[in-house]
Amino acid sequence: MTNGSAAQPFIQIKDLYKVFGKKSTSVMPMVKEGLSKDDILAKTGHTVGLKAIDLDIDKGEIFVIMGLSGSGKSTLIRHFNRLIEPTEGQILVEGIDVMKLNIKELEQFRRNKMAMVFQRFGLMPHKNVLENVAYGLSVQGVDKPTRNAKATKWLETVGLAGYEAQYPLQLSGGQQQRVGLARALCTDAEILLMDEAFSALDPLIRSEMQEQLIELQKDLHKTIIFITHDLDEALRIGDRIAILKDGNLVQVGKPVDILLNPADDYVEAFVKDVNRPRALTVETVMKPPAYRLTADTIGDALKQMKRIPDNYAYYVNDDGFQGVVCQDALEDAVKLDKETSMDDFELEDLPPISPDALLEGIIPATMASDFPIPVVDAEGDLQGQVSREHLAEVLSDFYNEETDETESEKVAAVTENNESKSQPSKKQPKQDSEDTHAKS
Amino acid sequence: MADFSWFSKFPKLDRSTLLEIRKYLDSAFLDFSREYGDSIEAFFDPLLDFLIWFEKLLVQSPWWAVLLCITGLVYAVSRSWKLSLSVVVSFLLIGYLGMWEDTMRTLSIITVCTILAIVLGVPIGILMARSNRTQSIVTPVLDIMQTMPAFVYLIPVVMLLGIGKVPGVIAVVIYAIPPVIRLTNLGIRLVDKEVLEAATAYGANPMQRLLGVQLPLASPTIMAGINQTIMMALGMVVIASMIGVNGLGQPVLKSITNQYFTLGLFNGLAIVALAIIFDRVSQSYAKRSMKHIQGENHD
């Protein structure tokens, strides 16, 4: 059993189809023939929700399913706990076929395996915050003191200690969703289904909640299936992202793959609007480091330096990266004493950056520095460098593409507006003035 | 030569045929009531016993004890001193004008009818909310119950059970039950889908969903239905008195036949007072139970 589950992915969706309508199975042949959604709707009155979905989700990852409204993402997430029954296909969770569970087993499965967070929170307005958080446990029949103690603990974790006796509608949207999150965590289910959990929140609260989720995940290592229509959000929290369009899976991959190698025009259109500096990490854009100095004395270092075309280099010794050395400073130092050890040489003041850092955070430092900024990992090893020119290139390459279009669109829109508005409004004053002329 | 008389005169059944049909149906029902009347009456015996016991309780207990109980109940439900005080004043006035016993009788029958309507109506409403088919069957039945003149269904009830308290209660319940059923159905159907989905997602079984989510969230609507039911039951009091239900209805009936204006007015006002008390109390309870569901202002 354990061997089997280790070999196969934690959650597996195989060849899943969902057709909405009265005689959904009769429509299946048409769907499989590859008729389009619109054709099937016109011919049979059935709506194709999902088509041939295959997904493998690993234990402990945040798997984001992304798509616009109508892409079937909310339908898909409701298949994991069978809130919606598929027309065809298999859903395996740890090798258990969810489709084969009977009602009692399904209830047990929902109680223990999965917890869900909803877009509009789905809190019970007639229960107070504590009772809401403890809801999952009360359904399981856990006694009151135990479940209240646990709920109190989770409320504290999400930062809502002291709100126990409040009612959901007395809280703000962000607080309500924290309650929703606490309720989901309170059952200790391994799998968290989050259906556009942060979409109803305003941007500031949303990014706060994303932050909190990422923080929590560091300790909890849950398997999280997260639905969103916001690619920025997907890139920020997702370990892997699946993109859904009209019920079809378009691309599945790591955020960087999706950002840098979009599978088709649809994905590309999405990616274009992404705030790259906030989505890309240094690692994905850095270049291999130019030159390293390994000499022990200043004299040897200068010799090494003279052999390279640039007038700077990174000094690396057995302990890893030490700092940036520039040629002028070396030459000055050599005049005094060329046998001085490199350890005593005053290196340029240029703090390195981490490969995991977001581009957003390194823009000021990179722009202000005369030298490319070294990228150094947690072990202290030099991994690469990011130069001012290179960073500008990465960002502008993308901005050029985007601004060209959006600006031309804007211009078009503005002129259109002007035309539509100005024409009648220009005419009227004229007529007015004519009228007044005539009267006078 | 064809007969064109149907053109000017409405084609109708023969007088004799019509009479046959009426005779046949009447005698069939009469046979039915002769056959099963006793057993049906026996079936309702426990209800009759309860009715008599409850009426005795209200009429024979000392007036101040009854008044104390009622006021206590009103306060417990409404948490309003003002309302409780007006209840005391109106009951004192009713008693002072010599209508205490009749009022107690009416109160007892209305209470029993309301309880019966809730006990029968809420489950029917729940069943209706569960399936569209049940709804499509029950809705026209409710329409008939509400629009059929009350006198018409008094007839078979009296034929079956004779004159007395039980037929009165049955007539009142039939007349007054539709709002509870309708609004229970509506209330459950209006429960926020996402909340219900959340309950399902956490593994709640149908009973847990019903008791933990659907009924509590539908309760304001159900309360409105119960309120309506009480009002309609009170409205039936006078008609029910025609088939032997004691209470405030009988003096009203008496004053219609004898043209006693003041007697009718006083008893009518007593009914109104009861109605207002029932209405305000049930509404304030609904308001209290709605407080969290509909949200309060953020401060």
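From the backbone N, Cα and C atoms, a Cβ is placed for every residue, glycine too.
Unlike curated records, TrEMBL annotations are generated automatically.
Pulled from TrEMBL, these are the features on record:
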type	residues	note
DOMAIN	B:103-282	domain 'ABC transmembrane type-1'
TRANSMEM	B:57-76	transmembrane segment
TRANSMEM	B:83-100	transmembrane segment
TRANSMEM	B:106-129	transmembrane segment
TRANSMEM	B:150-177	transmembrane segment
TRANSMEM	B:229-248	transmembrane segment
TRANSMEM	B:260-278	transmembrane segment
Check: In terms of Cβ proximity under 8 Å, which residues at least six beyond the ends of the transmembrane segment (B:150-177) contact it?
Finding: 29-30, 33, 36-37, 40-41, 44, 47-48, 51-52, 109-110, 112-114, 116-117, 120-121, 229-230, 232-233, 236-237, 239-246
Notebook entry, point to check: Between the stretches B:106-129, B:229-248, B:260-278, which one has more Cβ pairs under 8 Å with the transmembrane segment (B:83-100) than any other?
Noted result: B:260-278
Notebook entry, point to check: Near the transmembrane segment (B:106-129), which same-chain residues lie under 8 Å Cβ to Cβ, leaving out any that are not at least 6 residues past its ends?
Noted result: 47, 50-51, 54-55, 57-59, 135, 138-139, 165, 168-169, 172-173, 176-177, 180-185, 187-189, 210, 214-215, 222, 225-226, 229-230, 233-234, 237, 240, 245-249, 270-271, 274, 278
